[in-house]
Amino acid sequence: MSTYSGPLHSLTATFTQHRVAANLLMILMILAGVWGVKKLNTQFFPSFELDIITVGVTWSGAAAEDVETSIVLPIEEEIRSIDGLDTLYATSNQGRASFRLELLEGTDVQYTLDEVKQKIDGIRSSLPSDADEPVVQRIIRYEPIASLLLTSDRSSLEELRPLANRIERELLETGIRKIDINGLPTEEIAVQVPTAKLHALGMSLNDIAQEVGLRSIDLPAGTAAKEEGAKQIRSLSQQRDVEGFQQLPLIADANGRLVRLGDVADIEWRAKDQQVELNYRGQPAVLIELRRTENEDSLKAAKLMHTWLQDAKTDLPEGAELIVFDESWTKVQARIDLLLKNGLGGLVLVIIILFLFLNARVAFWVTVGIPVSFLATLAILYMIGGSINMISLFGLIMALGIIVDDAIVVGEDTLTHLQMGESGLKAAIGGAQRMLAPVVASSMTTIAAFLPLLLIGGTIGNILIDIPTVVICVIVASLIECFLILPGHLHHSLHSKKDLHPSKMRTEIEARVNRFRDHYFRRVVRAAIRLRWATIASALGIFIIAIGLVMGGRVKFVFFPAIDGEDFTANVQFTSGTDDRHVRDFLNHLDSTLRATDAELGGGLLTVAVQEVGKINTDRRTAGPTTGDEFGSLYVEMIPVDTRDVTNREFVAKWRERIEIPPGVEKFTIDQSRTGPRGKPVEIKLIGTDIGALKQASLDIQELLKGYQGLSNVDDDLPFGKPQLIYSLTPAGEASGLRLQQVGRQLSAAFNGIEVQTFYEDQDEVEVRVMLPDDERNQLRSLESIPIVLPDGSTAPLANIVHFEPKQGLDSLQRVDGQLSINVTADLNEAVANANEIIADLREGALPAILGKWGVEASFEGKNRNQRETLADMKLGLLIALSLIYIILAWVFASYSWPITVMLAIPLGLTGAIFGHALSGLDLTILSLFGFFGLSGIVINDSIVLVTFYQKLRASGMAVEAAIEEAACQRLRAVLLTSLTTIAGLTPILFETSLQAQFLIPMATSIVFGLAYGTLLILLFIPAVLTVLENTKRRLGLRLQYS
């Protein structure tokens, strides 16, 4: 029956002839897909691991400079040579050292984690003895699901604590696996001993702490009387309340009377100092954050939460309230609904086109292949560890038009031979076997175009990797459906030519298409062949104009579109030492002006506004917070963007008009959340050896940035900190034999307290600390009278031992790869300015002079660094894609020159994509470039169809120009049909007004406009190029091979 040989051709023939094989395979693919859908997790972005390790060391009370000298530098020196380390960030804050190790891709993170722990353990003895143990851990990425705000107008924060703990337990029991609670301060039992009591007792704080530790303890003493039933011997002396510690024996006085701890100390159960406090509408609040673990489904977890909420809200104490906000799962659901709606719209358009241009039975079976291939794709996606997310769904929509291209070619060829009189079986087998090589070749070129996108590294690559993954899976599934299922269906539904009964509409459409082809299009093709140089020059000229639009800035490039989120944060920093009451007053002012702004704009725009006293955080998703009494923030969430007419920028502008900045505020910013990778649009990293020169260079650059329109919130990460008192030993102190370290340890005990022990009350950790009373620690005058224990055991007032000198301190010191650094950052209004243009102007303008003046170096970080790294990967990917496409085409055509002719379609598609962005008023983005890659593989298929048919005509003996003209005319419908189905699949996205879809539109624009323009030009430009190629070869006496 078949004239083709080979295992694939035989397999195709077997499945076509067999009565049930095609249907069995189709059912198997459907069942596998249904299984995959049930197993696949639903989430916002694809799952990926972060190659990041963090190290944290707490050293209470230490200044940033001391933290750098005593902790950061030793650890940095030890770990900076670790294999696989890309960048090492180190931060010295007051009382804490933090390290962030970003590893090279492909590094064994667990092995590196163990190595870091070993190296730090090796130098632990050289770190300050009173510093906490270093905490080394790998960063694990958890997607947010939703947040709950627990508040009450009748309960204090301490009364909310057991309720918050109960809520956490109940949510964990429902099946939500990751819950974080914020706003519940760590508690302590503060044992406050006045200086006068210490003098009277002749004791130090360390002495009292030692006594408390020895007397308040649960201590096992072993097992006794084994022959009589074995009894465990234990001491249960651990005190767990204020009364118990008050009754704790301390010492006996000179008269033999027992002195208890409560006799010399004020003991209080309270929250520790420097804790972040949450408030909602003036009431204490607790934030409960629900997060998705790697194997958890966002939508299922959200359903569990809402089921629990229905019962929980009725069981709350009087006055208590649970507010649900930051519901990220709704964004997942909204994006799924959005893409499914647009995907369905595209599917309808594709089906309409199929039924307009193809026989009804052929169109039906081609259409059936779409859900079958999609379901098989979902099964493959699950098996390779994928998920249903916004990116993978868009990959499916992108593949919607591509998926039918193979089936259209096979179906049309089968239909053509059936019309020529062949039987249904012979036509179906022949159509599949004849089209096997060209269809596989065209599919391979599309895969080759998408394959390099898998190589893009970084966060962007991890997020967008599902697009090439899904498209490649779809193509593989469609090839299976096209050659093993479709021929069998065509065989059983089209037995002979008698089964072809076109309707009146189909007959009319066919007649109109033929009339257009023979009377109009043929003339245009002849003109393009006759005026071949003009045709080529015109296409080249339009291509140069398109490139000029980009190079000239008429079509701008924005790495990632800045799309409004639904939240923003107002951050305030007062002068160091400011009482937190001033912070609270200003936050209340912000809250009241916020609600007044909401009322002015119609009301109902706000979801929640949460005050955080003692903390600022410019990016709740990624950046670490800065804490201290002088800091405060107001987190605001608005209703979804698509449900309001007021943008974030408009709301914030109105709000700013009402805000009155009080005296003492050093910095005030309002940071709006935006989609995309972390980092600021403008972020300049300064590196040097002198912190003073770095700070001066930063101040000069900040003034420079303030001169650019569109930039706001210009700042750096080296704020001046609290004033410092630098102590040194007096001659009397040196004569006593004291060392500075001994003095420092006693001062730390006095002001930071001595942690004696820790115990658990319910789920909460409680520390027992011995310290001076608050009024002594908070008053500078009491500093001089603190008793210092001398080496001989006697005590002396601090004023006799040391003297002090004032100095301005720093809150934070940053280091990158062993060098001091400062980051200067700015936000950007993309409606006013372009980050790339500003950065280019800085490079060529005043920035080099500032750097030279202060002797520092600079690099552009943040989003610009992400852009550079991603574009570098994409340039390599483009080279790989073009090379793979050329190799595939050279193999198919058995020629070195034919592939070049076919690949000339690529710049035509690029031209259309650029003009599409210009006409739509869109900037080019990273998603546009992803679209370019996909477009390259898709648009080339039309060129393959045309050139392959031309070669067939030439091989049959037809003259050059006649063969070119006939190839263009005869393949017009096939070229238009394959292009129109792809365009139709993506067209609904272009008209989507939802803000949720805005970052996908540039990718769809690249493909739709690129393919539309490319298809038109291919039918004219390629014939002109073929004519020139044939004439050139003939003049040179060379002969073209027609495969």
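Cβ from N, Cα, C; glycine included.
Per TrEMBL, transmembrane segment is recorded for 20-37, 338-358, 364-384, 391-410, 435-456, 463-486, 531-551, 876-894, 900-919, 926-950, 999-1029.
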* Same-chain Cβ contacts of the transmembrane segment (531-551) under 8 Å, 6 or more residues past its ends? -> 557, 907-908, 910-911, 914-915, 918, 924, 1017, 1020-1021, 1023-1025, 1027-1028
* Asked: When you scan the chain for residues with a C-beta under 8 Å from the transmembrane segment (463-486), skipping those not six or more beyond its ends, what do you find?
  -> 8, 11-12, 15, 21-22, 25-26, 29, 45-46, 48, 365-366, 369, 372-374, 376-377, 380-381, 384, 386, 389, 391-392, 394-396, 398-399, 402-404, 406-407, 410-411, 432, 436, 439-440, 443, 446-447, 450-451, 453-454, 456, 926-927, 930, 933-934
* Any residues 6+ beyond the ends of the transmembrane segment (876-894) with a Cβ under 8 Å from its own? -> 437-438, 441, 444-445, 448-449, 451-453, 455-456, 900, 902-903, 906, 933, 936-937, 940, 944, 947, 951, 1041, 1043
* Do we see three or more Cβ pairs under 8 Å linking the transmembrane segment (391-410) and the transmembrane segment (999-1029), pairs being at least 6 apart in sequence? -> yes
* Positions on the same chain near the transmembrane segment (338-358), where near means CB under 8 A and six or more residues out -> 366-367, 370, 390, 393-394, 396-397, 400-401, 404, 408, 411-412, 415, 506, 509, 513, 973, 976-977, 980-981, 984-989, 992, 994, 996-997
